[in-house]
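Participant: Have a look at this one before I ask anything.
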Amino acid sequence: QSLAGEVVGLLCMVLLTLTALVANTVVMIVILKTPLLRKFIFVCHLCVVDLLSAIFLMPLGIISSSSCFNRVIYSIAECQGLIFLNICFISASILTISIISVERYYYIVHPMRYEVKMTIRLAVAGVIFIWVKSVLITVLALVGWPQGNGATSASRCTVYWSPGAHKKVFLIIFSIACFVLPTIIIFAVYCSVYRVARMASQQHAPAPAQAAAPRPRSDSVVSQVTIITTRNLPLPRLMPERFLGSNKAILTLVLIVGQFLCCWLPFFAFHLHSSVAAGTVGGGHGEMVVTWIAYSSFAINPFFYGLLNRQIREELARLRRSCLNRPLSQELCLSVSEASVQENFLQFLQRASCTLETHASCISASPRNRLDQTKMGFPIPGQVPEESS
């Protein structure tokens, strides 16, 4: 049973590593090869951080976690380098996710303000802030480490090997700066986004009473034109979007926040408890399990923050079609099928929040103008506009 468990655990770790390598590479290539998608700077940066983690952290984590590599010995300098990369990449990944959530809030709730203030200079400043904060937090972890030419086994190369009381202080600061505060930001931002989207979707949809109330028919030319225009309105499409879109928004928010908590809550709770509880010693199987649950975030992030976006999926389908020499008709069918099954959550929120921004104009608009607005859609700033057929 022990050998079988060891083999299953090793296969899971290798599978997660390969998934993180392939998924992050694919999303990053799609963004970089498409000029109109290069505004997804923070998503691309998240893929870069997760890809570096898959290249350096996860293979070293396999060596430290598997009993097949018990004889691997690290020097003090090598162990310090591993701890530096571990804490630095974890901090950079979580901080990037926090900035992505704030960026989503602004270009959904305040699209005009986002267009004006979200510049390349601001994005570069955000990336620099992420790395500076990550490096500063990592330097705190290396304070008080033993000096000399000592060595330790790979399984013991964790932050708990560092002696001194500063270890508890660092783990508390690390947990607050890289988990507690980002979690509060993510919760506050997505709750605000959902509240705005729900209010806007309720105002955007037509009232059921008005739709159900019959109107007396008239033979005048104006009445006939009004009836024809009203029949052309996509009312069956608006009504399901009011309910299905709301459920989709709830499901997407629960998945995004739930994935973040499921990956990182056990990791930080374990380290925080080990640093505060008296007589608790870190390491062992418990630390290995929570560490790999956290590492699974590197393989899941490209799906939640990259492939969830419809424009990135469509560009990926085009690249796949060009590689496989598929006809254009199959590509269009694939794009329409993906859009109908899982519409981009951000486009739904932007279309809903547009009602709050232009509530007066939407109320006073004629049926013909509403029809034109429905055809045009409400593109999200920073994303590829939909192509009209």
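These residue numbers are counts, starting from 1, taken along the chain as shown.
A Cβ is built for glycine as well, from the same backbone N, Cα and C atoms used for every other residue.
Sharing the feature lines straight out of TrEMBL:
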- 6-31: transmembrane segment (TRANSMEM)
- 23-305: domain 'G-protein coupled receptors family 1 profile' (DOMAIN)
- 40-63: transmembrane segment (TRANSMEM)
- 83-102: transmembrane segment (TRANSMEM)
- 122-145: transmembrane segment (TRANSMEM)
- 169-193: transmembrane segment (TRANSMEM)
- 249-269: transmembrane segment (TRANSMEM)
- 289-308: transmembrane segment (TRANSMEM)
Participant: Would you kindly list the residues that approach the transmembrane segment (83-102) from elsewhere in its chain, counting only those six or more residues past its ends and only Cβ-Cβ distances under 8 Å?
Facilitator: 42-43, 45-46, 49-50, 52-53, 56-57, 60, 126, 129-131, 133-135, 137-138, 141-142, 157-159, 162, 174, 177-179, 181-182, 185-186, 189-190, 260, 264, 294, 297-298, 301, 305
Participant: Of the listed stretches (6-31, 122-145, 249-269, 289-308), which one yields the highest count of Cβ-Cβ distances below 8 Å with the transmembrane segment (169-193)?
Facilitator: 249-269
Participant: Could you pull out which residues elsewhere in the chain have a CB under 8 Å from any CB of the transmembrane segment (122-145), counting only those six or more residues past its ends?
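Facilitator: Residues packing against the transmembrane segment (122-145) from afar: 41-42, 45, 76, 80, 83-84, 87-89, 91-92, 95-96, 99, 159, 162-164, 166-167, 170, 173-174, 177-178.
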